[in-house]
Amino acid sequence: MKSRIREFDSSTLNESVRNTIMRDLKAVGKKFMHVLYPRKSNTLLRDWDLWGPLILCVTLALMLQRDSVDSEKDGGPQFAEVFVIVWFGAVTITLNSKLLGGNISFFQSLCVLGYCILPLTVAMLICRLVLLADPGPVNFMVRLFVVIVMFAWSIVASTAFLADSQPPNRRALAVYPVFLFYFVISWMILTFTPQ
Amino acid sequence: MAAVDDLQFEEFGNAATSLAANPDATTINIEDPGETPKHQPGPPRGSGREEDDELLGNDDSDKTELLAGQKKSSPFWTFEYYQTFFDVDTYQVFDRIKGSLLPIPGKNFVRLYIRSNPDLYGPFWICATLVFAIAISGNLSNFLIHLGEKTYHYVPEFRKVSIAATIIYAYAWLVPLALWGFLMWRNGKVMNIVSYSFLEIVCVYGYSLFIYIPTAILWIIPQKAVRWILVMIALGISGSVLAMTFWPAVREDNRRVALATIVTIVLLHMLLSVGCLAYFFDAPEMDHLPTTTATPNQTVAAAKSS
């Protein structure tokens, strides 16, 4: 009996919930750091997880919500629309990359694309803060600048991880959909108008 | 897929296989000896065929080889089957886009660029880009037109993305399907020398939509004359690509049927562009100028007319 309990101790089943959560959070945080300071490393690819993309996607979708009750007239993206765009966009890009002959696994690619939304989520945060000031062209220019910088950051980060998985004669074909994906998300962030 | 193994070594006219219904398949081109060979969708052309209009453009870097039985014909439920439709390199995609932008009389887009290697990358991503280009440009253009109005509240109009996506993808897939069905039906009645597979038609339509991406971006300019000139130019270019592609496929037919087909193709294309322009881009009022000191009369008039 005692030996069996000792066996279980070496697995993660008996550890406290706090340990489990902290371990996963640390992994997610480490990947956030990798995205913010992109250099060619395999961490994002090797230990992929989808927690980070989920957290980022939900945060982004929540922040893109408006305060008004009748969001029908608003014309902005609903929560579900943002979710669908992010996840189906990522899946489509992954499928495209695999169909072109890339040697990256499905979930690795999803992981990278999801994590590289982090700069754009930061941009959304900054935009919401900037929008608390009074509106005007200066307000818009600031937001435009922030979104452009973060958009470029996302592209650089994701290309650093994804470009190597494609043969060189198709790299541009695989990177262009990533560009389109982040461009659409940046557009949603830039055109956000609270009401 | 039919037994492609039968189609080696210059076999002619195996009418039982649907692949042989594509007798305009030229010799096989393989860009890279290390790459997996593409499947050969039909017998190579005989020398006796009249291809007076067609210039092959052999200045490509494609090496032509006879596939000696190394064809891949995976069943349609495997991933490899769909990989054959994405077997293009960057320069090939660029060449095809270039071919759709510069229609040269006498050069057939399918013959010259697609060459029995139709891809789905171009059509899919060109349509995706076009969807977002139209939606975003329409939104921007409306914003700029209504900029001075006091009653105007900017909305991102996100609904229009899904509408645009439905329209564009339906056009890019259903019209080729209808056209392919029609050509197959006519093939049963009149022996046409040139016939295209469904994917080649999808490919042509997809690449011919590329011109509309810069057109949609330029439609932001809120001048009616500019917009209609752009419509004409874009229609001229992509319409001529389509017409020159499909004319060899119908010219053996009854004169009126052939002409009606080409006219319908161009007409549908025009319908798409004019419809998109009308729906996504508000009409720029000629008398509406964004002024900061608008008199109440002007504001009311502008609000009423928009």
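The count begins at 1 with the first shown residue.
Note: Cβ is positioned from N, Cα and C throughout, glycine not excepted.
The region 'Disordered' annotation in TrEMBL covers B:15-62. Annotation comment: TrEMBL describes B:50-59 as compositional bias 'Acidic residues'. The domain 'Yip1' annotation in TrEMBL covers B:101-273. Taken from TrEMBL, the feature transmembrane segment covers B:120-141, B:161-185, B:197-222, B:228-250, B:257-281.
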Grab the same-chain neighbours of the transmembrane segment (B:197-222) for me: Cβ-Cβ under 8 Å, and only residues 6 or more beyond its ends, written as numbers and ranges.
21-22, 41, 85, 96-97, 99-101, 109-110, 113-114, 116, 118-120, 122-124, 126-127, 129-130, 133-134, 137-138, 140-141, 144-145, 168, 171-173, 175-177, 179-180, 183, 230-231, 233-234, 237-238, 241-242, 245, 269, 273, 276-277, 281, 284
Which sequence positions outside the transmembrane segment (B:120-141), separated from its termini by at least 6 residues, show Cβ-Cβ distances below 8 Å to it?
85-86, 88, 93, 96-97, 156-157, 160-161, 164-165, 168-169, 172, 199, 202-203, 205-207, 209-210, 212-213, 216-217, 219-222, 276, 280-282
As a test of reading the model: what is the averaged pLDDT for the domain 'Yip1' (B:101-273)?
87
